[in-house]
C-alpha cells in the first residue's frame with residue numbers, strides 16, 4: 001500500500017497538521033513539531049500530545065504514515081565543537097518530541113562541513129551525532145535525507161549516505177529519505193523508466209532498499225547535476241511525471257511516507273489524487 005501526502009502546516013498546534021492532511025485526502029503527512037527556524041521552542045503540552053494522538057486515531061494515521069522534519073538550523077556534522085553540541089542538543093529535543101507524539105521517524109538533512117573539515121570527518125561526525133541521540137531515545141528512527149549538494153551540504157552522493165549508516169551502531173534505527181528533486185540535482189537522472197531503473201539500482205547497490213524509510217516527491221526547477229535545490233510541482237519541472245508513476249507502481253516504495261514538498265499547496269489535493277491514480281494505470 002502506498003501512503004501519499006504532503007508537508008502540512010502545524011500552525012495552531014501539531015494536532016492541526018493531522019486535520020490539514022485529512023482535508024487534502026492525504027494518506028501520509030509531514031510536519032515540523034516545532035518552529036523550524038528557531039533553536040528553542042516550548043515543550044509540547046500534554047493537551048497538544050493527546051490531541052495529536054486522538055486526531056491520528058480518528059483519521060487513520062499510523063506511525064508509518066507520519067514523517068516529521070527537524071529544524072533547518074541543525075548541522076550534525078558541524079566542524080566547531082560548540083556549534084556541534086548545540087545542534088546535537090536540538091536534534092535530541094526533536095527526537096524526544098517524536099517519542100512523546102508516538103512518531104517513529106525523524107527526517108533530517110545530514111550536515112555541512114563549511115569548508116573547515118574534510119568530507120570523511122564530517123560524515124563521521126554525523127554518524128557520531130546519530131549514535132549519541134539514539135542512545136538517549138527509543139523507538140524513533142533517524143531518517144537521513146539525501147541533498148542536492150548545495151554549498152557544503154553533504155548527502156548528495158549515495159556513498160555519503162552509506163558512509164553515515166556504516167558509522168551508526170544501531171542499524172535498526174537509521175534509514176534514508178530520498179528526495180526526487182535532490183536526487184536529480186545531485187546528478188542521478190530520473191526522467192525515463194530506464195533512468196529510474198539505473199538510479200534505484202545504484203541506490204540499492206550502495207545503500208540498500210532495506211534502509212529506504214520515506215520519500216519526498218518533488219519535480220525540479222533546477223537542472224540535472226546542477227547541485228541546486230529548487231522544487232517544482234509534479235510534471236512542471238525538468239524531471240517530468242515518469243518517475244512518479246514509476247514509484248507509485250513499484251512495490252519497493254510501499255508502506256513508507258511519500259511526501260510532496262511541491263511549491264503550490266493549492267494543488268496538493270490534485271497532485272495526491274493523480275499519484276493515487278497512477279497505481280492502477
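Just so it is clear, glycine is given a Cβ too, placed from its N, Cα and C backbone atoms.
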Further Zn(2+) 2 ligand in Swiss-Prot, beside 145, 179, 216, within candidate set 94, 99, 261: 261
Given Swiss-Prot lists 109, 145 for Zn(2+) 1, the same-site residue among 69, 78, 231: 69
Assigned conformation of residue 261 (Zn(2+) 2 binding site) - DSSP reduced to three states: coil
Spatial neighbours of residue 182 (Zn(2+) 3 binding site) among the binding-site residues 69, 109, 145, 216, 261 [C-alpha, 10 Å]: 145, 216
Distant-in-sequence Cβ neighbours of residue 231 (Zn(2+) 3 binding site), under 8 Å, six or more positions away: 181, 218, 219, 220, 221, 237, 261, 262, 263
Intrachain C-beta neighbours of residue 109 (Zn(2+) 1 binding site), sequence separation six or more, cut-off 8 angstroms: 72, 74, 145, 147, 153, 155
